[in-house]
Amino acid sequence: MKLNSRHVSQRWVMAVMGMMGVTMAYVMRACLGITLTQMVKPVVVVDGGVKSVRHDYCPMQKSSSRGHPKSNRTETVEDEFQHRFDWDEKTQGEILSSFYYGYILTHLPGGVLSQRFGGKHTMGIGILSTAIFTLMTPYVSNMGPKPLTILRFVEGLGEGTTYPALYTLLAQWAPPEEKGKLSTVVFAGAQIGNIFSNFLSGFIIQYIPGGWPNVFYFFGITSLIWFVLWCMFVYNDPKSHPFISDMERDYLKQSIGSLERKKDLPPTPWKSILTSWQIWALIFIEVGHDWGAFTIISDLPKYMSDVLHFSISENGLLSSFPFIAQWVTSILASILADWLISKRIMSVTAVRKIFAIIGNVGPGIGVMCASFVGCDKMIATLCFTLGMALMGFCYPSIRVNSLDLSPNYSSTIMALVNGIGCLSGMATPYIAGILTPNRTVLEWRLVFWIMMIVMTSSSVLYGLFGSGELQPWDDFEQHYLKEKEKSEKGLPMDERLSIIHSKSIEDEKSLNN
């Protein structure tokens with residue numbers, strides 16, 4: 001096994017396992033959004049002393065799998081709802097947002113721990129704890145909304161270390177010319193997680209005996225299996241990896257500048273970081289991006305259920321379409337971004353800014369269009385899908401920008417940026433709950449207006465002050481090795497790797513002599 005593993009690119013093993021880890025993090029985070037539609041009772045109004053389910057604006061289908069007729073405005077509340085929780089929209093918003101209160105608290109500690117001890121165990125232990133608490137969710141839900149809110153808060157504490165740990169790993173494993181592709185593969189786990197959380201949750205609830213608790217059992221157990229594989233196959237850096245090939249190790253040393261984390265770094269330059277307009281521009285656009293992303297992750301299944309009246313199986317399938325489109329676009333956009341930079345058609349700064357603006361403004365326009373198409377379910381789903389597809393442009397821009405600005409302190413910067421961005425995750429579910437007490441399309445339209453304004457304004461600030469250049473306070477010049485291999489730029493990758501390997505052998509011989 002050891003011999004065969006030397007023929008496998010270990011940086012891509014790290015990237016694929018990292019992607020699977022992000023997938024696990026997002027399925028455990030996002031599955032509650034769609035599951036909640038089956039955990040709580042529908043909105044009811046009293047009509048002549050009879051409790052009825054209210055369906056304003058969009059009519060219900062005349063027939064359903066439940067086997068009873070429905071009018072366009074009301075349906076009788078039957079025994080199927082009696083075992084559901086009686087939680088109003090505000091309570092649901094508090095439950096959904098509580099995750100991010102914990103999530104934001106462990107970002108900076110996660111960045112510090114990752115810089116000091118490496119990203120492998122920092123991320124692994126965080127996902128492990130979240131998996132255990134996910135398995136506890138059905139039991140705690142029956143205790144009431146407050147205990148569930150506390151549990152989700154603690155889950156957020158575990159997941160808060162995920163991104164800082166991954167940035168530390170990428171700084172050690174991603175060569176400059178592959179940074180866009182490797183980063184996009186890793187962070188594509190976010191879209192894959194959202195796809196699986198919606199599609200599989202709907203399938204499990206609809207077809208697996210036992211209902212919604214099975215969603216948490218399935219994703220919790222799957223995450224435990226991932227943790228075992230992560231511990232077996234991923235290492236903090238190339239130097240500590242026991243079966244990386246000599247050629248890959250030499251290539252990473254030449255392209256990145258070192259094979260292990262710098263343990264003698266000076267203290268984090270907080271003053272320089274906190275007074276950098278480039279960092280604050282990244283924070284602004286991260287807040288805008290997260291506002292839109294968390295609105296869709298938390299509330300799209302509710303919109304599909306409450307306004308468009310999709311069944312749970314339809315909801316799970318169609319709620320996953322926007323994230324499938326986003327995943328495909330993120331991969332294509334990363335290839336395009338790396339090509340534009342490697343061919344010197346555009347500067348790193350220009351690529352980051354243009355892609356970030358497309359990825360932020362596009363989704364805002366998409367959700368607004370969806371709210372204005374009325375009750376046409378397919379057109380509304382198409383608008384959501386096209387808008388979220390454009391969000392894929394954020395991955396080779398916003399998601400890698402901290403690596404551009406400061407490879408040495410990327411995990412700490414990412415913790416700061418993503419931590420502040422998560423304020424959006426704390427706010428959006430709660431605000432949506434307050435603004436949509438009756439769950440009508442007009443109420444949701446206001447939610448989407450706010451989303452578009454926040455995303456557009458943050459894009460303007462990033463366009464003015466953002467950058468993709470290495471900052472002077474990072475002191476990591478050899479990361480780019482600008483003079484290296486100028487004469488070899490036109491050679492195929494295999495020949496370049498052979499040259500790098502030969503140079504490494506010559507250097508070793510000269511040192512021995």
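Each position is counted from 1, following the chain as shown.
Just so you know, glycine gets a Cβ as well, placed from its N, Cα and C.
Among the ranges 157-179, 410-432, the one that TrEMBL lists as transmembrane segment is 410-432. Only residues 6 or more beyond the boundaries of the transmembrane segment (444-465), in the same chain, are considered here, and those with a CB under 8 A from a CB of the stretch are 277-278, 280-282, 284-285, 287-289, 291-292, 295, 299, 303, 307, 353, 356-357, 360-361, 363-365, 367-368, 370-372, 424, 428, 431-432, 435-436. Mean pLDDT, taken over the domain 'Major facilitator superfamily (MFS) profile' (26-470), works out to 84 on the 0 to 100 scale. Taking every listed stretch (123-141, 185-208, 215-235, 379-398) in turn, the largest tally of C-beta pairs under 8 A with the transmembrane segment (354-373) is reached by 379-398. The list of residues near the transmembrane segment (215-235) in space but at least 6 beyond its ends in sequence, with Cβ under 8 angstroms from a Cβ of it, reads 10, 13-14, 17-18, 20-21, 24, 27-28, 31, 35, 120, 123-124, 127-128, 130-132, 134-135, 137-138, 169, 197, 200-201, 204-205, 241-242.
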